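So the structure is just underneath, and the comments pick up after that.
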């Protein structure tokens, strides 16, 4: 299994001691060094397969490309914007996070910010420390009956909603992924963004920082908001346009803002932080003892479980690899890679469209995780840029000029009609289609271009296969082929044939090693190829 050779892990940011202990108890070597420069980080990674960071370490493309052994980057926290995901994916490096670790701490901070905004608690505290008694200046507003708009209804947004509902707030929200039915189950009515702005007394954001969410609150959206709206951002700097927020505060369109995050941290410009109606913190969303312990524990457990082949969770850039650890899906991943390898050997260097077709109830949603494995088989000996694996397969296949499509068929691929679950790989517009299935935990080849094998042909990583197609049985054919093997010093380990199809038969020989050339074979066969995956 991929990443099973992970042996040494660098922890480059401050983490709870439980992280190191769990890693060591799991059999991993651990090095802890913090406040490293880019050059020092690269030097430390030269003999490390794993890296665990919080938010301080910047895992840039330069770091990733220079770390020859690096296989996995773990972020002890939710956001991974300090990791260059594209560079990591291109190099086949797995990136994980701990999406649950700091959810409660971030949600509680958000709720505290909302309450502080409503009652101006930090400003009143500062006034008291300054020796003043200004009761009239700090007139607040009740939360009961007010409308809270929650943008992003994942783990943190959900926890915020539940807590603020207990204070009598009405919660509305928006999330392009969470369904309205799911959000309704925790008391949030979903609305289009243009309907949310004018309804909200308070707005809190809980989305990742993406091109689509950068500047989500801007001059245009502030203009659509209720006058005196209050805004909270404990998610990522940049989701709220800081210039637009300052202008809204200065005009009174926004009555107050609570910010735990900034576009630049620490912020060089002081206009927002110094504004009298702004509450700010130095990115404290995950800064609780419980969150730090939980994040350190979770990322360490994820590393150990991955190395032991037990499970893979928190994956950011390789859904297919997550599925590869499922007992049901794992052999199908192996089958998909085998069929991709077979297709490359059979069709040469295929171009154009590769079709990945699944059949059977349990494979209905498997196409998206099986297609990267097919790509691995297609490209693993052809890719000139990087070692191809389940992490970078979809990225590299486009550069190879291939378009891989997936579909699910209620009937057997190729209308062969055998078995409940099948996987077919075909080259669109060309006479190349291979069909396989899994028997127990063993991937097997069921058919080639409509020619069916009975029994099916086992596909084993330790068994090279020679496949050739001939006219209907010639008594002298088999002795001739065995003689050709002997001349090459190759032993015959197994032999199977397909049912006759269009007057021809496919033959499959398990052999002790791949043949140096197939020219002699092609004199006796319509076509011949060999492969080993």
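Note: Cβ is positioned from N, Cα and C throughout, glycine not excepted.
Cross-referencing 47, 130, 175 with the NAD(+) binding residues that Swiss-Prot gives (78, 155, 156, 207, 234, 235, 236, 260, 283, 284, 285, 286) picks out 175. Least packed by the Cβ count within 10 Å, out of the recorded positions 260, 265, is 265. In the three-state DSSP reading, residue 156 (NAD(+) binding site) counts as helix. Among the recorded positions listed here, namely 14, 236, 265, 283, 236 has its C-alpha nearest to that of residue 207 (NAD(+) binding site).
Note on residue 286 (NAD(+) binding site): other Cβ atoms within 10 Å of its Cβ, all shown chains, come to 26.
The recorded positions in question are 14, 78, 207, and the one with the fewest Cβ neighbours inside 10 Å is 14.
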